[in-house]
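Asker: Input: one structure, supplied below.
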Amino acid sequence: MGCAPSIHVSQSGVIYCRDSDESSSPRQTTSVSQGPAAPLPGLFVQTDAADAIPPSRASGPPSVARVRRARTELGSGSSAGSAAPAATTSRGRRRHCCSSAEAETQTCYTSVKQVSSAEVRIGPMRLTQDPIQVLLIFAKEDSQSDGFWWACDRAGYRCNIARTPESALECFLDKHHEIIVIDHRQTQNFDAEAVCRSIRATNPSEHTVILAVVSRVSDDHEEASVLPLLHAGFNRRFMENSSIIACYNELIQIEHGEVRSQFKLRACNSVFTALDHCHEAIEITSDDHVIQYVNPAFERMMGYHKGELLGKELADLPKSDKNRADLLDTINTCIKKGKEWQGVYYARRKSGDSIQQHVKITPVIGQGGKIRHFVSLKKLCCTTDNNKQIHKIHRDSGDNSQTEPHSFRYKNRRKESIDVKSISSRGSDAPSLQNRRYPSMARIHSMTIEAPITKVINIINAAQENSPVTVAEALDRVLEILRTTELYSPQLGTKDEDPHTSDLVGGLMTDGLRRLSGNEYVFTKNVHQSHSHLAMPITINDVPPCISQLLDNEESWDFNIFELEAITHKRPLVYLGLKVFSRFGVCEFLNCSETTLRAWFQVIEANYHSSNAYHNSTHAADVLHATAFFLGKERVKGSLDQLDEVAALIAATVHDVDHPGRTNSFLCNAGSELAVLYNDTAVLESHHTALAFQLTVKDTKCNIFKNIDRNHYRTLRQAIIDMVLATEMTKHFEHVNKFVNSINKPMAAEIEGSDCECNPAGKNFPENQILIKRMMIKCADVANPCRPLDLCIEWAGRISEEYFAQTDEEKRQGLPVVMPVFDRNTCSIPKSQISFIDYFITDMFDAWDAFAHLPALMQHLADNYKHWKTLDDLKCKSLRLPSDS
């Protein structure tokens, strides 16, 4: 049983007849308005969209009498009769159960009705459009008004009918219709163009589409121009046609055309509101640099009113003379290619003062896939020179601290960093995010000296503010990664399917992977080997002819270091070192005599342990040979100066001096004196460099540094230390990744003539020279897999034997076995070599080859890998097939 609709009378005489919210009876929502010169019964009828199309045109739109009857019937609680078919729809029911009503509606028009509430996109914005409202302004009911009324019903639009200009304007101001249809066929009742102008004079009409219904023109008359209608404020003209489908098609076209476009334009108001309240100065120009928009922050920053800027070309504005002469050309070249430009730019304010800005210019692609606009974001650099200008901007604009950007508020406490504003709330955890970040952000802002990583974090935090939630969360994860100490090192996981790789990682890349609680075991081997009696230094003429003849080939990569080891009775370092150092003019650079250099080599070689299977002076000579070979490559030679070359040769010579034949993990687990001394961090590498300098400077007879000035010595010493420490395997991936990102990629971009705005390779920059030297000695240190096959096999046997001996001692002393696969009874040497090459060698030498061009080495690497792979496929665990032994 239905409930009577409630009736409200406005002061202007408008009577609204609304459904009772508690009613569930099916009935039509109607409202009746009284115009100033009309009787009370009604001058316009509103109907919400029906769920079904009336069965016939004959039933027509409800007349005044029908509305009265519908109101009476609804008031008595009965359903509307057939005299008013629109009143018999399920609209009342839909107010209470929309989903069920839609499911029950099975007409061919249902999908059409849903269009009006479909999602609309404008750029990244998602909008939901409310059902379309249509206002029909017809002085009297006729077939044309009926046609539009039923077309609205079919399309699912809400419709109002007004009979007078006054009631039409009142209704429009109340409901803000998207479409207005005005009867322009007759002039005796009202002036259609005057009605249109009166509506256009109101603010809500800015995005309304107004349609003029004009009389059909006979064939013998010329059609009138549409310009007077457009000048009056109409958007479209509709030639009289009372067909419902013709009216329906017209309305649907308007909805998907002008109404949808106007809806998007109306949504742009929110974007402009955001721009107006943005702290960054924003400037939008056309493709030919005519200023189209500036926000209030831009006006405050530059001292201009927007009226002074809009429509002007950027070239007409005063320029600062503090910029580079070619800066504007550089910027234009970049943005004309459709690429973003970012950098520091000096701008001139209206007052004539120059201010330094962080500027980001983004091209915007428009019609035809061409650049149509440029958007510039500008922020003041908070430098000392800008402080006065910032104060002046504040004073002129009258901004208080509540509206100032952070870059202004922290102007006296920060230098040269991107502003970080308060982190906007995101999702349900926003309060916790904000509370968690604020103290740290405040501390970052208060820094007077900022590290590069701090600036990076500032930029990311600033980017989070205007990012979608998913992007902000991803940037949170980025920040967590950046706050770790191992930025370039991969996360090392255990490879169950490859125990060799797992053990190599554990044994070479960790210090004391499995520690004992109290260092119960002490490494007792004397790693500070006492000096053996040294023979008198030899002269160049004392070198035996057989050694001299062998050294004639030392510049070749295929030089056989083991032949030199045998012929020199395991003292190859002195002989090879003298030859290599002479070739690179080391004595001349250090201003030392050859006698001093020979004495130094003898002292260093004496402190290598000949009892070690691998880490002995032959390995040092091999690394020195590889380093010298790399220094002879054209690109390496062009990247380093002589001091770098001398430092590299010395570092290669001493890089493993006094090596005990055990890994860092072993020393840490054993609680050795060296591990305690160096806090379990880079134990051996720190010891090698420290001992090398101790041995060098304690005796003037072998002090090769005694004749260079203090500054040169400090620079040389730092370079040597840095290179030796780079051989520590825990930093392996960090060094390789830095080299690839800082050297290889920029160099590749240069070679390929890329248009990207990246910095040049800058190989001669000090920071890049450091990366090159680190990479060079790392490759020289583990170049065995890139040697000719016979040499590669010999080195593989030696390193395996040293690891076997360590495993034996770990078991004997009850220490953790850090590399269990290196058990001499079960180990597969081919598998261990394959794992070492796959995990450590291939990527590093690919990167080094891309820089230094080493095709012969890469071929050896491929051949050797094939050798080990063949042995492994045959289940052979030794260095060679039994038939080859």
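Every residue number used here counts from 1 along the chain in the order it is shown.
A Cβ is built for glycine as well, from the same backbone N, Cα and C atoms used for every other residue.
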Asker: For which of the residue intervals 72-95, 336-359 does Swiss-Prot record region 'Disordered'?
Answerer: 72-95
Asker: Write down the one residue from D552, D722, D781, D790 that Swiss-Prot lists together with H619, H655, D656 as binding divalent metal cation 1.
Answerer: D781
Asker: Among S63, S517, S556, which is the one flagged in Swiss-Prot as phosphoserine?
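Answerer: Going through S63, S517, S556 one by one, Swiss-Prot flags S517 as phosphoserine.
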Asker: Give me the non-local Cβ neighbours of D781 (divalent metal cation 1 binding site): same chain, 6+ apart in sequence, Cβ-Cβ under 8 Å, ordered along the sequence.
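Answerer: Looking at Cβ-Cβ distances below 8 Å from D781 (divalent metal cation 1 binding site), excluding near sequence neighbours, one finds V623, H655, T727.
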Asker: Looking only at the domain 'PAS' (267-338), what are its DSSP counts of helix, strand and coil residues?
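Answerer: Secondary-structure breakdown of the domain 'PAS' (267-338): 34 helix, 13 strand, 25 coil.
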Asker: With the divalent metal cation 1 site defined by H619, H655, D656, D781, which remaining residues of that chain have Cβ atoms positioned within 8 Å of the Cβ centroid?
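Answerer: These residues sit around the divalent metal cation 1 site: H615, A620, V623, A652, H659, T727.
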Asker: Which whole number is the mean pLDDT over the domain 'PDEase' (539-875)?
Answerer: 93
Asker: With an 8 Å cut-off on Cβ-Cβ distance and a minimum sequence separation of at least 6, pull the same-chain contacts of H619 (divalent metal cation 1 binding site), or say none.
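Answerer: Expected: D656.
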